[in-house]
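Database features, via Swiss-Prot:
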- GLY170, ASP171, ARG172, GLN173, THR174, GLY175, LYS176, THR177: ATP binding site (BINDING)
- SER363: site 'Required for activity' (SITE)
Amino acid sequence: MVSIRPDEISAILKKQIEDYDKSVSVSNVGTVLTVGDGIARVYGLQQAMAGELIEFEDGTEGIALNLEDDNVGAVLMGEGYGIQEGSTVKATGKIAAVPVGEAMLGRVVNSLGRAIDGKGEIATSETRLIESMAPGIIQRKSVHEPMQTGITAIDAMIPVGRGQRELIIGDRQTGKTAIAIDTILNQADQDMICVYVAVGQKAASVANVVEVLRERGALDYTVIVAANASEPAALQYLAPYTGATIAEYFMYKGKATLVIYDDLSKQAAAYRQMSLLLRRPPGREAYPGDVFYCHSRLLERAAKLSDAMGKGSMTALPIIETQAGDVSAYIPTNVISITDGQIFLSSDLFNSGLRPAINVGISVSRVGGAAQTKAIKKIAGTLKLELAQFDELAAFSQFASDLDASTQQQLERGKRLRELLKQPQFSPLILAEQVAIVYAGVKGLIDDVPVDKVVDFSRELREYLKSNKAEFITEIQEKKVMSPEAEAILKDAITEVVSTMVASAA
């Protein structure tokens, strides 16, 4: 028989007592009552906060949104196939946060800031809360610096400033995303960080955008946040806030940032789905009562910061898709009232061959005028009015058989101005080129050029200036002002190109 040694037993007991962990961990735990359609009802979680992250037994994360008397309504940020009735749920005590930092540049991430581009994890230790307060009144400064889009029609007539919120609105397939991508491409030498948020889009469309940006070297200063159509509604709802959070990091570091939300109609639809499943009372068009706040708190985070705050800026270009041009629907009117102007794209203009298909008559920039460069502001002052008058006359002239000479001339000039503003995709123009093109049209220097040759004239003028009048481009790009000397150089160049074209046409 094995002899029992008391000293050995006492040594084991002493060691176990010494190793005993006295710390007590208290966790707020609940039980799943029902789960389905991306929503879980949880019993317990007495101390849960609104918007708190909760963790399910299978590792799925959720957000507590409805705090009711006897249960908590949570949205799932994942498929949640492993969640069953009776599963335990743990409150994390944290609000949703995403990783931020320089390492995010050039990456494609999901709504939680996790890499989905197959390039491994993002090497950053910094995080920011997804829901952050917008800068206050004292922390802001009025918009005064231009944000060049590279699209002549916008920079000349509907200018956007750094820190502005400018809505891009139009039916499907009217070139809304194309304007946003062109704007990103034009920031290559502007020292601006871009964030492109894709909400509820086809994965193939997002892959196409990534490829375009990579080919043209724009991915180096861009972060892409993607919540595709296949993702749960909660992730589609969160994506724009994630994009704003990533841009905010750079804004508070004193950098200029640009955020594109493509598009907020799909985010509103995802929020409506979540709210209806959580049994919140529906309002107009079945959207919940706080859908306005959902967008206003997002877009108010865009700002031009004061000197004391580091002079950073966040420019927001939200995109809204309309149905059959109806800008008076609920979500479009909401976002129009929040933003500082809108660029309206018309499917009729798009189908008639005018691209970008901007309807100048109802497009407006409420604060961008203060940020426009003097060179183009001086020249383009009458451009918007002339185009609006041309549209009216064009409609009237369909019914009038004989028109007087001045009306005929106005119609002819309007046609040429229209042609001048045509611009192919992925070919943003520098300021000097825009100034030259607008000057030629507004001053009537191309009235002798046939309408079908105006696009060729625009291209040839740009090439002529680059090769023969480089001093004009240098002066406009550096000084941003049109001096009498520069105007004389430009006039000579336009006359030269026009005479060459007219001679070759004859």
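In case you wondered, yes, glycine gets a Cβ from its N, Cα and C as well.
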Chain-mates of GLY170, ASP171, ARG172, GLN173, THR174, GLY175, LYS176, THR177 with C-beta within 8 Å of site centroid, ATP: GLU321, LEU345, SER347, PHE350, ALA357
Whole-number Å value for how far SER363 (site 'Required for activity') lies from GLN173 (ATP binding site) (Cα to Cα): 18
Which of these recorded positions has the least crowded Cβ, counting other Cβ atoms within 10 Å: GLN173, THR174, THR177, SER363? GLN173
What's the CA-CA gap between GLY175 (ATP binding site) and SER363 (site 'Required for activity') in angstrom, rounded? 15
Restricting to the chain of ARG172 (ATP binding site) and a gap of 6 or more, list residues whose Cβ falls under 8 Å of its Cβ, or answer none. GLU321
With H, G and I counted as helix, E and B as strand and the rest as coil, say where DSSP puts GLY170 (ATP binding site). strand
Would you pick out, from the binding-site residues GLY170, GLY175, the residue whose Cβ has the largest number of other Cβ atoms within 10 Å? GLY170
Spatially, and counting Cα to Cα, which of the binding-site residues is closest to SER363 (site 'Required for activity')? Options: GLY170, ASP171, THR174, LYS176. GLY170
When the binding-site residues ASP171, LYS176 are compared by other Cβ atoms within 10 Å, fewest goes to ASP171
